[in-house]
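> Below is the structure I would like to discuss, written out as structure tokens.
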Amino acid sequence: MSIVNGNGIFDAARSGHYAVGAFNTNNLEWTRAILAAAQETNTPILIQTSMGAAKYMGGYELCLNLVQQTVKSMGITVPVIMHLDHGNYEAAKECIEVGYTSVMFDGHDLPFEENLEKTKEIVALAHAKGITVEAEVGSIGGEEDGIIGAGELADVEEAKQIAATGVDYLACGIGNIHGKYPANWTGLNFDRLKELAEVIETPLVLHGGSGIPKEQIQKAIAMGVSKVNVNTECQLAFAEATRKYIEAGKDEEGKGYDPRKLLAPGTQAITDVVKERIDWFGTPEA
Ligand SMILES: [Zn+2]
């Protein structure tokens, strides 16, 4: 199957009270690991690149080609959505141009009116090409320049206005954080999620899905979250498995230094995390 947009997939998730996982890729191994998990579980999946990862890999077109060609060579038959994660205005436009099937325009740090106007513009450009759009309102916490934010709450009125632009999925801050969660984190704000879900029919997105306890993620999904982003957890699993391989001296045994061997445990660890999360999210078979 070639890559698809998010049409139908996320509306079905919202009405069916399950979520579809969105996993960030960084290179060939990550792409293969994520796709393998989707195929093995026979579930739809979203592969996404941040602006930084795309720059690291050599640009959006390369990332798109990498995913498309890997889908083809691995014989992947489940729906795969190619998504831009946290794009600014220029990145979203570029990915629409290049042919991503879904883009996130993240204007949360702009004045609200500007976020609203630019979201409308991106929705018009994307929908004309059958590309789905995620927008963000309120900020998602996390470490930025050494300052750790607690995770701000999305304003319900602002969220309603952004949803009314026709976005296909909406990321709202409900106390969630990118990266590792601090020890004093107080958890997701389910009161705010309830208020948002009551007035917004658009499938909601939970960012910073790494480190939120399973029970809280599942409760959020039952309340209207239809897309959960996972990034840090895969990074940690990859690093841990790779460290174990080297610390065990396996890179010094025979041809253990061959990257195809050295990177294999980390790659498998990513597949395992993705499969576990798909199970948590209750994603049904395609
Ligand atoms: Zn995010």
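Just so you know, glycine gets a Cβ as well, placed from its N, Cα and C.
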> Per TrEMBL, which of Gly179, Gly254, Gly256 sits in the dihydroxyacetone phosphate site along with Gly208, Gly209, Ser210, Asn229, Val230, Asn231, Thr232?
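The one candidate that TrEMBL places in that dihydroxyacetone phosphate site: Gly179.
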> Among His86, His127, which residue does TrEMBL annotate as binding Zn(2+) 1 at the site that also has His178, His207?
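Candidate in the recorded Zn(2+) 1 site: His86.
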> For the binding-site residues Asp106, Gly179, Gly209, Val230, Asn231, Thr232, which sit with their CB under 6 angstroms from an atom of ligand 1?
none
> Of the binding-site residues His86, His178, Ser210, Asn229, Thr232, which one has its Cα closest to the Cα of Glu136 (Zn(2+) 2 binding site)?
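Closest by Cα: His86.
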> Taking each of Asp85, His86, Asp106 in turn, which of these recorded positions have a Cα lying within 10 angstroms of the Cα of Ser210 (dihydroxyacetone phosphate binding site)?
none
> Around the Cβ of Asn231 (dihydroxyacetone phosphate binding site), how many other Cβ atoms lie within 10 Å? Please give the count over every shown protein chain.
22
> Over the residue list Gly179, Gly208, Gly209, Ser210, Asn229, Val230, Asn231, Thr232, recorded for dihydroxyacetone phosphate, what is the maximum interresidue Cα distance in Å?
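Looking at Gly179, Gly208, Gly209, Ser210, Asn229, Val230, Asn231, Thr232 as a set, their Cα atoms extend up to 11 Å apart.
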